[in-house]
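Read through the structure below, which is laid out as structure tokens, and then see the notes.
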Amino acid sequence: SDICVVFSLCVFLNVKYIITFLHLPLYPTTTPTPSPSPRPERLKVRLSGYPRKHNEGRIELFYKGEWGTICDDDFTIANAHVLCHHLGFVSATGWTHSAKYGKGQGKIWLDNVQCHGGEKSIEFCKSRGWGNSDCTHDEDAGVVCKDERIPGFVDSNDTHIGGLLNKVEEVRLRPVVGVAKKKLPITEGVVEVKYKDGWAQICDVGWTAKNTRVVCGMLGFPHERKVNKNFYRLYLERQKNNFHLHSVACTGTEVHLAACPLEFNKPNATSSCAGGMPAVISCMPGPLFMQNSGLKKKLKISSNVRLKGGAKVGEGRVEVLKDNVWGTVCDDRWNLLSASVVCRELGFGSAKEALTGARMGQGMGPIYMNEVKCLGQERSIWDCPVKNITSENCQHSEDAAVRCNVPYMGLETSIRITGGRTRYEGRVEVLTSDPNGTQSWGLICGENWSTKEAMVACRQLGLGYANQGLQETWYWDSSNVTDMVMSGVKCMGNEMALSQCQYHKTVSCQRAAAKFAAGVICSETASDLVLNASLVEQTVYIEDRPLHMLYCAAEEDCLSKSAAKANWPYGHRRLLRFSSQIHNIGRADFKPKAGRHSWVWHACHGHYHSMDIFTHYDLLNANGTKVAEGHKASFCLEDTDCQEGISKRYECANFGDQGITVGCWDLYRHDIDCQWIDITDIKPGNYIMQVVINPNYEVAESDFTNNAMKCNCKYDGHRIWFHNCHIGDALSEEAERRFEKYPGQLNNKIS
């Protein structure tokens, strides 16, 4: 099983790493040779780079008086085990390629390293030999060690210990002004770094706006602003300061202070900040985190870049707008510099992670950019050099995504979940204050609590997406909190906290017992369904179907109400037919909410229905009124076909499991029963045809904005034409407005 894991990991990360597994050299001209016999002193190894925790980082080796890196060619988890052991950790949980923790400097000491996993040190593994490499620092390898130390491990590696003391992991702003202390986010104050068990200051001699930009970016703010140093000088002169850093010299494009050139104060220095004071900065928050609503209107964030499919605020797949149509960015050469430009232009800080391989789900539509090479100072990703896309070099499986630094808002401190079997589920309890300022925990009334409210609760808790919103929680009755303190909660689904949703001013709850309190089940991943709009446009036609062929359809409520008054079995119904191809582009399978024990058997069509309402099909007139009754389609869900390399998992036959696998689609052909809108009673004119998938949010998805598809529709009484078919979030706002004002639509006559 270990071999399988390593092989899967290799395939996932990069094709060239498959060669690692087979133990074939990437460069046939070179035969791996054992490194020269080890020197008597123990090899020094350290973790470096940014942003990182203490148990991960770029690997650096000290050889011949010089620190250098290891190339990622042929790197394996076995190499990572050897290195993590060397550093005193019990094992490795992963390794990284392509300079994930930033590019090192100096020599690349080892290349094509091949360990078995049990070696005492990396120097005993096969490699090309010391200093023999054809790599660049873009290929520096890193490791992620399990955060558990080997019992009794003594680190004789002085440099590593020094590195532990002299490194910058955590940075904060300490507010000084009384008002600022109470408000979140903290945007101004003294810059402090975590040092030993406390916090230390930075000497501001030579401090520049570029340093401020880096610190603001780390803390989730896109811009820096000027600060009144004189005011702070008076206050700070009376304080005892503990200076840890000085001579910080950032270029302004770094994503972490640790990546800037800086010096640590020597413990015995007499005057640690001569002629200076602790560094003080002021940051400008993005509109989402701004308290002052007047300023909010002035601050413009990008209208031609957006993030989609992320669970938390400030993360998602990067999408860019070109010619009024949204498209994605290919992940070739995608890095923290380019990701930071996106984050800042959207009103967040610098990037925490630049994600590749469609880690936030696959997009639909065009791929606009490839090999984005931002320098870090650009105002928009549109200002960065990019390569033109060809269909051969990019697929949606390579869509780039980001995780941005966002300001600390403390939202998770006013909510918790209790009673669940895991930390991802439980009854929701919220912190409230009475008029005297006394805080206590309370419950939320479960009435009308749905997936949308659960989405906001899970986001506020930092637990990802909502899997389910529950209106009863008697099975999680473990807390002594029994009072209902919130009711009528109604969210759009994109809020950062439940307090930003609508709710009753005074609690009004029909079923006020604790067992009817709201609950959630959260998940790190979610499905995301989207309709193939162009297929609808290509397959639409009209059929006049005899009533004697529609008994089954009538039984399943697939015809408009007037059909009940028809002279059965004589006559016909006019049906607007088309094919629906529904893709799951998310990161979890789409599965019906109801278990198979509650599925309904439809004898007429000979299959089980796992969802009462899966899709609405509607014909709307110019003012948005429904003129043809939407068929509430209740289909069986299965994988009709999948992307290359993905296997089908769900099929309806023989009471099989129902669902749609990630990377697969469910096709309802135009010629199957109920795959239509009954337009028998419709007059000629211009309309909008709309399809909505999962309309009641019965099953959780990462993104509901792409669940609707609309087409302009022209009907002359005999024939029908569809055009401009598009997913609900595929066009710019301007293009969407033009779509709604389709010529002739306002008077509903053919022009």
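Including glycine, each Cβ sits where the backbone N, Cα and C put it.
Feature annotation from TrEMBL assigns disulfide bond to CYS71-CYS135, CYS84-CYS145, CYS115-CYS125, CYS250-CYS260, CYS330-CYS394, CYS343-CYS404, CYS374-CYS384, CYS445-CYS509, CYS491-CYS501. The domain 'SRCR' feature in TrEMBL is assigned to 45-146, 173-284, 305-405, 415-523.
Positions of TrEMBL features highlighted on the structure.
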residue	record	Cβ within 10 Å
CYS71	disulfide bond	24
CYS84	disulfide bond	25
CYS125	disulfide bond	22
CYS135	disulfide bond	18
CYS260	disulfide bond	21
CYS343	disulfide bond	30
CYS374	disulfide bond	21
CYS491	disulfide bond	23
CYS501	disulfide bond	18
CYS509	disulfide bond	19
Q.
If I take the Cα of CYS84 (disulfide bond) as reference, which of the disulfide-bonded residues CYS115, CYS343, CYS384, CYS404 has the closest Cα?
A. CYS115
Q.
Can you check which residue among the disulfide-bonded residues CYS404, CYS445 has the largest number of Cβ atoms within 10 Å of its own?
A. CYS404
Q) Of all the disulfide-bonded residues given, namely CYS71, CYS145, CYS250, CYS509, which is spatially nearest to CYS343 (disulfide bond) at the Cα level? A) CYS250
Q) Measuring Cα to Cα, how many angstrom lie between CYS260 (disulfide bond) and CYS115 (disulfide bond)? A) 33
Q: Tell me, if you would, which residue among CYS115, CYS250, CYS330, CYS384, CYS394 (disulfide-bonded residues) has the fewest other CB atoms within 10 Å in the structure shown?
A: CYS384
Q | Averaged pLDDT score, the domain 'SRCR' (45-146) | A | 91
Q) Can you tell which of the disulfide-bonded residues CYS115, CYS125, CYS135, CYS330, CYS384 lies nearest to CYS501 (disulfide bond) in space, using Cα positions? A) CYS330
(Q) Considering Cα atoms only, can you say which of CYS115, CYS125, CYS394, CYS404, CYS445 is the nearest neighbour of CYS250 (disulfide bond) among these disulfide-bonded residues? (A) CYS404
Q | Spatially closest candidate among CYS135, CYS394, CYS445, the listed disulfide-bonded residues, to CYS115 (disulfide bond) (Cα to Cα) | A | CYS135
Q.
For a three-state summary based on DSSP, what are the helix, strand and coil counts in the domain 'SRCR' (305-405)?
A. 16 helix, 33 strand, 52 coil
Q) Looking at the disulfide-bonded residues CYS71, CYS125, CYS374, CYS404, which has the shortest Cα distance to CYS445 (disulfide bond)? A) CYS404
Q: Show which residues of the chain containing CYS145 (disulfide bond), separated from it by at least 6 in sequence, have their CB under 8 Å from its CB.
A: ASN55, GLU56, ALA80, LEU83, CYS84, LEU87, PHE89, SER91, ALA92, THR93
Q | Pairwise CA distance, CYS135 (disulfide bond) versus CYS491 (disulfide bond), rounded so that it is a whole Å | A | 52
